[in-house]
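Working notes for the structure below.
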């Protein structure tokens, strides 16, 4: 009975927190937001306001810098992910349920696509500005993030066709909302779903790190180095043909992120990205928030590319690098999703609060 009561209480508690946050939006229609700024090129309304004191020259320079980092990071990421190493020690594998073993190549390619779509959204932003016209390109980034979440959930690879059907439905529903709603509800509609996904990414990568660390600690307590026996997979080298490095974890000098600490290169940039977008949202009237938020993209997506390099160029003493995907039950999926939506709504509510305080 306690097995059922515990999850039920968790779901109810998360749902109540979400309801409380939703109730805080009552009366918000009486709050007058500033008029949306117009796009320089098209003249269409955007999803932000005119920011007093924002140096356009400085802001556009940071945008160009961040987009350039994303572009080169995507090119390198595709190269590293598309041409995996032949040495088995340099190939990581997802483990789930002690039976699903999948190479991380698919995940790395999804991550490279995510970086590329982010660069594409930068280009669209510099041309059209953020708004209805930009939203289909921006949604590609969200689809890439959802694919990363699904990839981890399924143990390293998405094989279900129905997943892509659901992605298409999600894309259509969000686009309809962005087109049909007026300012500021169209911006709120897009922002809440986007930040919900960003929070989910942070939670998932944190769980991935701690699950891997826990399982590796237990695993390495039972196996001495270079004696692990795994079932061979297509394309893997046999244990006898793998050249051994008796004294070093890395064939290259960057040894400060041994496995599983290399997963920090997923956790840290996902947090930086969430914080950068939160600065945009909460401090709409502050030019420094725009500058720092834009600069955060260069840092976060550069580190995402660095993770792919780590995953494909650095090896563990054990013959096969392991990444353990966390087990997530249905009630845990519900709780994590509701918590993520709640956090996204709290950020939007804080934005309205900050604007109201500044207008008084």
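Note: Cβ is positioned from N, Cα and C throughout, glycine not excepted.
On a predicted model such as this, the values are computed, not experimentally measured, just so you know.
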Q | Range among 106-128, 221-243 that TrEMBL annotates as transmembrane segment | A | 106-128
Q.
For the transmembrane segment (263-284), I need the partner stretch with the highest count of C-beta pairs below 8 angstroms, choosing only from 163-183, 290-310, 331-357.
A. 290-310
**Q.** Residues of the parent chain within Cβ reach of the transmembrane segment (290-310), under 8 Å, 6 or more residues beyond its termini
**A.** 51, 54, 58-59, 62-63, 65-66, 69-70, 73-74, 76-77, 80-81, 108, 111-112, 114-115, 118, 122, 254, 257, 262-263, 265-266, 268-270, 272-273, 275-277, 279-280
